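A quick write-up on the structure given underneath.
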Amino acid sequence: MAFANFRRILRLSTFEKRKSREYEHVRRDLDPNDVWEILGELGDGAFGKVYKAKNKETGALAAAKVIETKSEEELEDYIVEIEILATCDHPYIVKLLGAYYYDGKLWIMIEFCPGGAVDAIMLELDRGLTEPQIQVVCRQMLEALNFLHGKRIIHRDLKAGNVLMTLEGDIRLADFGVSAKNLKTLQKRDSFIGTPYWMAPEVVLCETMKDAPYDYKADIWSLGITLIEMAQIEPPHHELNPMRVLLKIAKSDPPTLLTPSKWSTEFRDFLKIALDKNPETRPSAAQLLQHPFVSTVTSNKALRELVAEAKAEVMEEIEDGKEDGSEKDAVSAVPPPVNHTQDSSANGTQPSLNSDKLLQDSSTPLPPSQPQEPVNGPCNQPSGDGSPQNTSPADEVSKNDNGLKVPVPLRKSRPLSVDARIQVTEEKQITDQAENPSSAASKPPKVNQSRPNSSALETLGVETLANGGLELPGSVTPNHSKRASDCSNLSTSESMDYGTSLSADLSLNKETGSLSLKGSKLHNKTLKRTRRFVVDGVEVSITTSKIISEDEKKDEEMRFLRRQELRELRLLQKEEHRNQTQLSTKHELQLEQMHRRFEQEINAKKKFYDVELENLERQQKQQVEKMEQDHSVRRREEAKRIRLEQDRDYARFQEQLKQMKKEVKRSIEKALRKQRQESMRMGQDSHTQKKQRLDRDFVAKQKEDLELAMKKLTAENRREICDKERDCLNKKQELLRDREAALWEMEEHQLQERHQLVKQQLKDQYFLQRHDLLRKHEKEREQMQRYNQRMMEQLKVRQQQEKARLPKIQRSDGKTRMAMYKKSLHINGAGSASEQREKVKQFSQQEEKRQKAERLQQQQKHENQMRDMVAQCESNMNELQQLQNEKCHLLVEHETQKLKALDESHNQSLKEWRDKLRPRKKALEEDLNQKKREQEMFFRLSEEAETRPTTPNRASKFFPYSSGDAS
């Protein structure tokens, strides 16, 4: 069910599926085998094999990284690396020679570095780098990082395995497979990716917390860890498993050098400021370039010597271990393992890693020409009784220059056995220039331990699983070269009394359960390696002696298993990063689609109301025009009707005037003739004047009546139009209110919908994180089970060896003790021969009882060891389960906090939106009321203009529509 949900989360719709893309720096139309010739295999990385290739035309060498990809999505995972390599042209960064995608395989051709990786060089030479060599590497790495960070690129996987060497003594920064190329200068990342031991604290936190992203300062932390790795061969906390080291990085103080006194103050100060847990105060690469530790570097001679030594011709000579006299040396050379256990527990080292793998170094007789001197200071200090006391290199780790013990953990690595017993002697012979101090100072003799593992570094150079040695902390500076060379030879000439040391040695081995050196020395061999090389005309010869045993194969196997474990974790990281990228892409697409849909919905709603308003205005205009037309028609008809009536009235009025004239005539005719003429004349004049006055008054009254009728008609039309305009404005404002209300409702709905989508996306993101975390936890449990199984098998094998070896030891010891007892009886001469035989018989019976007790003690010890181992394995699993549960609980708790914070943020946004909505509503109402007032003002002004007296020829106007209708 969970997997189905996981598939659902990452599923894209049909139109969202990506098609094949053409990339700028990847050729698809060319078979790389036609251009390059494969010469051999260089190594096997986490995502594919690396081959040495040669260009068929130019003869240029390249490292071909061949990766099988199943889909375009997988191909895109490597495009970032190709683009970074293609755009980074820097002398200390590997160059891209070409990239091909052909037949389902991606070929990345990069610059070939014959010197190999720095971690492989340390394995080959059985030692770390000297401080001058570290200075040059650090300087060149800082210049490369400054260039990368200037291009907004975060490497995210800095370590010695990703620093390649050229024969000219320059480095090449490689492996950009997990690098990030930002689009903005201040952009930060939240991907949990990289190799655990080198991760910065802010990167570790991103495993469960994505809200605390990191930037390019994470590379500065990895640089500091890499410098410690080059000084001590292994990174800090290498003895812990990857899950525990993540907690260690996040909760502990920044790591430091195990033996700070062996290194300069500049180096220690550089590490102190580079390994700052606060990324805000951590310096940048440009600032670190001004530090005194690297600012004085002007030559790469130290690295040229290093590469020359690593690539030098090696002559090996194997000598069988001697049985005679070696047992005595072994007794005095073996340190008490109890001290090791105490040192380990005091420093918090895992008991499961220390219970059966205590470091034991045995000494090798030195040539007579070399003086026998202590190793690293007070190695052979006289004990209280005057007898010499030898200290192994493992004990030297926990002592300072004054011989006092300091809390330094044993140099071991889970889950690798480090029982290898190594003694290294270096002899340098300078033939051309015998007084060349620089060459001698740069390669001081070392006392080495077996390197537990190679930290599983997938590099583009040669990955060598050499039987290298682990240098004790501190590649010496010139100030310490004399002390280091004086301590390079461990004296083995002193021996203890055989009779007293034999039983002590046996009891020590039986008590601790460790392998007896007397038995193991019979099978050990001494490997002598002589390297001869020339640097600047100076021939240098270095001879290294190392005791090899069957544990070498065990160490190599453990180293390989550790590489496999880290490779599995890195594959999980890569897949997790791919899933996170796909999910982020899907979420961005969902948000983009949602915003686009929101815009479309809002635009559609606005368009709907705009169309409604437009229709309303058009209808209003049409209605007003129709009303004006109707008004014009009514005016004409009314005017015509009134004129007709007035014409009839006028005709009647004329008739009345005629009657009046006739009456005047009749009244005049009754008068005398003489008077009649005078009266006729005066009556006609009076009648004419009266007629004119009456006619004028009648016409004026008719005109006034017509004007009053037209004004009344116009006023009625104006009132109708005003009512229509008011009604239209009210409808328009109601539409505007509905429009704004709909938009506000959509905005609120969109806020809710966006919140739900973001909330669901957050849940999907945490679901994916839980899914990836559970897969990682399952892989860690699987690795822990394999580790516990290996520990059980190793314990069983060791117990079987001890059980088989005990009878031989008892027989030899019994013969020796019997001979010594008989010799003591003979010397003392006590009693007769029969008494002596009786004493011998009693002594023999006591020896049988003692040997039987030893066998029972060994059996009990083996049972206790097995019980302790089972308990330890269960404790390891329980501790791992507890840590995983805490991490899951932390992830769930963080998810709850994020969801709560998201809800609170949404509620706050909704509250702010509602607070802003009130003034928006108020502004809308004010605007609508203002438009109403403006309309009423316009109506009033129009009415006043209509009532003002006008000239007879001037037509009254109310609206522009009626201007042509006044007639």
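The backbone N, Cα and C atoms fix where each Cβ goes, and this holds for glycine too.
When Ser326, Ser481, Ser514, Ser584 are compared with the annotations in Swiss-Prot, the one labelled phosphoserine turns out to be Ser514.
Ser20 is the residue among Ser20, Ser398, Ser909 that Swiss-Prot labels phosphoserine. Here Swiss-Prot gives region 'Activation segment' for one range in the set 125-174, 175-224: that range is 175-224. Taken residue by residue, the region 'Disordered' (827-866) breaks down under DSSP into 36 helix, 0 strand, 4 coil. The CA atom of Val50 (ATP binding site) is located 18 Å away from the CA atom of Asp157 (active site, proton acceptor). Mapped onto DSSP classes, the compositional bias 'Basic and acidic residues' (902-947) shows 46 helix, 0 strand, 0 coil. Of all the recorded positions listed here (Asp44, Asp157), it is Asp44 whose C-beta has the fewest other C-beta atoms within 10 angstroms. Neighbour list (Gly48 (ATP binding site), Cβ cut-off 8 Å, at least 6 residues apart, same chain): Lys65, Val66, Ile67, Glu68. Leu42 (ATP binding site) sits 20 Å from Asp157 (active site, proton acceptor), taking the C-alpha atoms as the reference points. The two recorded residues, Asp44 (ATP binding site) and Asp157 (active site, proton acceptor), show a Cα separation of 17 Å. Mean pLDDT across the region 'Activation segment' (175-224) comes to 76 in this model. A simple way to gauge crowding: the CB of Leu42 (ATP binding site) has 21 other CB atoms within 10 angstroms, across all the protein chains here. There are 22 other Cβ atoms within 10 Å of the Cβ belonging to Val50 (ATP binding site).
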